[in-house]
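Single-structure report; data block below.
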Amino acid sequence: MYIPIINLSDTCFSLLFQIIFYEGRNFQGRHWECSSDCMDTFRHFNCCNSIRVSGGHWVAYEKPHYMGYQYILGPGEYPDYHNWMGFNNCIRSCQMFSPYRGSYRMRIYNRPDMMGHTMEFMDDCPNLYDRFHYRDIYSCNIMEGFWIFYEHPNYRGRQYFLRPGEYRACGDWGCHNPMVGSFRRMRTVM
């Protein structure tokens, strides 16, 4: 009797970390299933009006090569691009990021190149001005954990995903201006 050998590790991995992009709202129309980073989604779909994340955490980008507006997506259903705080129906690249269960620590600066007034954070901040007294963050050092910067207070506006490392200018994390209104730790449960 012949028993086929199936590589369960590949199958399990793709089921654990998967994002599905749909051209139509409410999960209608042509769709594409993705289980790894993709620098350019153009050949897979024309526009994206809904997303289903069946596993893992993802950053979807408006432009190819991980550029443009960023949208942080956890497991769940997003029937319309407004549900992921999208500005339009254009998703052109995506990256998966691993769950992180360690401690969180970062230092922010009100000047480029880690200069000026500084403050260290280890927790979420719904209103940066209330704690730091500056609206502009020009540089930061993410020492531990993944963080999300938001353009406005109370976790609203454009989102920016930051991995551990030094960001010497606000453009290093993908923004065009240094305004940060709030930030939070990216935990496995959003």
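Just so you know, glycine gets a Cβ as well, placed from its N, Cα and C.
According to TrEMBL, the protein has these features:
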type	residues	note
DOMAIN	17-55	domain 'Beta/gamma crystallin 'Greek key''
DOMAIN	56-98	domain 'Beta/gamma crystallin 'Greek key''
DOMAIN	145-187	domain 'Beta/gamma crystallin 'Greek key''
### Query
When the domain 'Beta/gamma crystallin 'Greek key'' (56-98) is classified with DSSP, how many of its residues are helical, how many are strand and how many are coil?
4 helix, 22 strand, 17 coil
### Task
Just give the helix, strand and coil counts over the domain 'Beta/gamma crystallin 'Greek key'' (145-187), going by DSSP.
4 helix, 21 strand, 18 coil
### Same-chain residue ranges lying at least 6 outside the domain 'Beta/gamma crystallin 'Greek key'' (17-55) that approach it to Cβ under 8 Å
64-66, 73-81, 84, 89-96
### Composition by DSSP (helix, strand, coil) of residues within the domain 'Beta/gamma crystallin 'Greek key'' (17-55)
3 helix, 16 strand, 20 coil
